[in-house]
Amino acid sequence: MAGGGAPAKSDEPQPHPPKDQLPNISYCITSPPPWPEAILLGFQHFLVMLGTTVLIPTALVPQMGGGNNEKARVIETLLFVAGINTLLQTLFGTRLPAVIGGSYTFVPTTISIILAGRFSDEPDPIERFKRIMRSIQGALIVASTLQIVLGFSGLWRNVARFLSPLSSVPLVSLVGFGLYELGFPGVAKCVEIGLPQLILIVFVSQYVPHVLHSGKNIFDRFAVIFTVVIVWIYAHLLTVGGAYNDAPPKTQISCRTDRAGLIDSAPWIRIPYPFQWGAPSFDAGEAFAMMMTAFVALVESSGAFIAVYRYASATPLPPSILSRGIGWQGVGILLSGLFGTVNGSSVSVENAGLLALTRVGSRRVVQISAGFMIFFSILGKFGAVFASIPPAIIAALYCLFFAYVGAGGLSFLQFCNLNSFRTKFILGFSIFLGLSVPQYFNEYTAINGHGPVNTGGRWFNDIINVPFQSKPFVAGVVAYFLDNTLFKREGSIRKDRGKHWWDKYKSFKGDTRSEEFYSLPFNLNKYFPSV
């Protein structure tokens, strides 16, 4: 045929077109489900976030010298503050259906404060607990200023403007996949409970809806409630039947339903309040170390916010909205310091995964879950009942939720040119370093009892070691740097990195969908500039 090649055949397979908004979502941010369904879905979010809320204080409070009474009060406080922070974020922050709860990122720096030598001379363990708690509070209060300033000043908006789908893939993917250590290793600690939970939730959420052709999506939408109740009863029968009476202590902690010690210790009614442990104390070195931790949490939460917007079927997150959300997350860390939660705040990755499982990204559902958090934190005895879920069940749920978030990061590859060697290099190199560098730092710490940087200043060690122990932080920083410096001026690069897809949403004003998703209530946009 003269002139050019042969025309494409009409029956040739066509690639799937990229989608700005994720399709097949039952309820997006502004389309709430009916009230009965919304309440059940909100309670399900509450159950999921309980895992981190209970596990972190359970690990830290005994090291601080506290007993079951102190542990119960810390869990109630963390739950109460999480409810307030979630409401603030959904009302005034990004307005995404993001749960703001405890964060594992803050644990290494908190342990460093616990091990500080100035507390070793205190003979009374309860007084030692309070002194350490007040030091942690002071460090969190100072560290919160970093996110508050970067967020509300718009500085983080200027950073986010250069974020592209290509550099987002390693960040968001490792926000989910990078938490693999909390998944199956936790299941294996009590395999007779964790493995049935893992198999059951996959079966109920993925297979049963297609077998029964349920029109209302009951099984995939409420799979967590169905399966947790079944396996929880099974675990309780094993516990009361004496199956773990002679088991090692670690096995009992992971398997038994009565090992948390919370039901007997929790008060019937108690409202957490600021400075309940006394006036915070401040140490400059610990404050700087916690500020670096807050910056790592900021980067990780940016990736989690991107995953949440995707699974809520919203339009791409404008840089100004992300910056506003970071500012309110800083307020959340400030509240954590004022109330004394022993931990900072960040976006709950497991709840982001639950959005994908249920296909419900409604803002109202997450706000209802915040109501459950506040309610059960005040009525401590009732909240302690739900907090007695065995950790092996929580770990099984993590396997599913973290996988969903990681896959959400990979979905941004649809906007990139995967035939470009530049794309392949940035993706491969950043993800590899994001896994390899933290592996080295964590292995070194496990073998030697301290990180590779080990000077006389514990706070300086944390400033260097903590960032390199975070997989999404390392991968995100490497990808961001390479994507914005490597042959960026060439004409085709902009499309290769997918930037043209997100540039349409630099400001949410002028786009009806984005204004509906991200505009503040009560005409408050004038106080938080959008550009």
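One-based numbering along the chain as shown.
A Cβ is built for glycine as well, from the same backbone N, Cα and C atoms used for every other residue.
Your range for transmembrane segment, going by TrEMBL and the list 138-156, 157-175, is 138-156.
Check TrEMBL against the ranges 98-117, 178-197 and you find transmembrane segment recorded for 98-117. Looking at 74-92, 222-244, 287-309, 392-413, the range that has the most CB pairs within less than 8 A of the transmembrane segment (365-386) turns out to be 74-92.
Within the chain carrying the transmembrane segment (392-413), a Cβ under 8 angstroms from the stretch's Cβ atoms is held by residues 22, 48, 50-51, 55, 165-166, 168-180, 182-187, 189-191, 193-195, 197-198, 201-202, 205, 224, 228, 231-232, 235, 254-255, 303-304, 306-307, 310-311, 349-354, 356-357, 427, 498, all 6 or more beyond its ends. At the 8 Å Cβ cutoff, the transmembrane segment (138-156) and the transmembrane segment (287-309) share at least 3 close pairs (sequence separation 6 or more) and count as touching. By the Cβ criterion (under 8 Å, sequence separation of 6 or more), the transmembrane segment (39-62) is in contact with the transmembrane segment (222-244), since 3+ such pairs are found.
When Cβ distances are compared across the two stretches, the transmembrane segment (287-309) makes no contact with the transmembrane segment (425-441), since fewer than 3 pairs at least 6 residues apart fall below 8 angstroms. For the transmembrane segment (98-117), the list of distant contacts is 45, 49, 52-53, 56, 59-60, 63-64, 78, 82, 85-86, 88-90, 132, 135-136, 139-140, 179, 182, 286, 289-290, 292-293, 296-297, 300, 304-305, 308, 325, 329, 332, 341-348, 351-352, 366, 369-370, 458-459, 461-462, 465-466, 469-470: same-chain residues at least six beyond its ends, Cβ to Cβ under 8 Å.
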